[in-house]
């Protein structure tokens with residue numbers, strides 16, 4: 001198990017280097033003068049001497065590879081540069097908003113599993129029944145509709161029309177209490193969760209039907225075991241193995257969806273900060289946000305792979321062979 005973990009970590013390092021190179025290239029592939037990108041193209045008051053001073057101050061006069069080397073070296077020390085817009089350190093600004101984004105993402109993931117596991121199991125156990133057709137139809141609709149549409153519908157009805165929930169903002173679980181926390185997170189969390197729940201429902205249904213047709217399940221039934229023992233003792237764990245892979249692949253969509261969802265509900269997370277930074281062309285902030293989110297995505301997928309290998313030892317054996 002330890003050797004598998006070490007191999008996965010070593011495989012993640014070159015991936016992270018390639019990502020960092022592409023992110024750092026953002027400022028260079030963007031058309032226009034870097035100084036104008038920082039201060040705005042409409043600013044014509046800078047003299048050539050002032051422009052040169054700014055280039056030296058921000059290191060824009062150095063060759064690309066030297067700047068990239070400095071970027072990687074500084075990033076390893078937690079220094080992602082300074083925001084053009086606010087003058088604040090990028091790393092501190094992003095880390096300050098990370099808990100809000102991860103709280104929203106974790107809530108959405110838990111909610112999606114609470115919806116998809118019972119629905120997918122019901123569809124599989126009641127195969128070719130009205131329950132199976134209903135679950136499949138709901139999953140198809142959920143996969144087809146975008147997250148922002150869910151968010152807007154929830155806001156229109158539960159906030160603007162019925163006045164049951166606040167439309168924007170957030171609440172702290174410790175200081176504001178669980179009720180206020182749930183009131184603020186339920187709509188953005190649901191907007192993120194419903195699409196994932198639809199995908200997971202289809203996967204759980206398909207995986208459960210496949211497992212129920214395996215020989216060891218038939219053998220367990222032939223021994224006279226109760227159906228509940230067969231389902232939960234033999235079928236459920238093996239049916240959930242492919243779902244773990246789906247959850248890992250959905251992390252990227254979850255973090256990407258948070259950008260739009262946080263903007264709709266004014267959730268104070270990294271996604272909203274990213275939208276504001278893009279509108280202000282704050283490239284150091286955009287680079288820092290992208291790098292930290294990609295790093296988080298790699299770490300979460302690494303954790304998912306480790307859990308996958310722990311649940312299904314065949315994964316470790318395949319890697320060794």
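All residue numbers here begin at 1 and follow the chain in the order shown.
Yeah, the Cβs are placed from backbone N, Cα and C, and that goes for glycine too.
TrEMBL does not curate its annotations; it predicts them automatically.
Marked as transmembrane segment by TrEMBL: 12-30, 102-125, 137-158, 181-199, 289-311. Feature annotation from TrEMBL assigns domain 'ABC transmembrane type-1' to 98-304.
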Before we move on, state whether the transmembrane segment (12-30) and the transmembrane segment (289-311) share at least 3 Cβ pairs under 8 Å, counting only pairs 6 or more apart in sequence. yes
Apart from its near flanks, which chain residues at least 6 from the ends of the transmembrane segment (102-125) lie with a Cβ under 8 angstroms of it? 131-132, 135-136, 138-139, 185, 188-190, 192-194, 196-205, 208-209, 212, 231, 236, 239, 247, 251, 254-255, 258, 261-262, 267, 269, 296
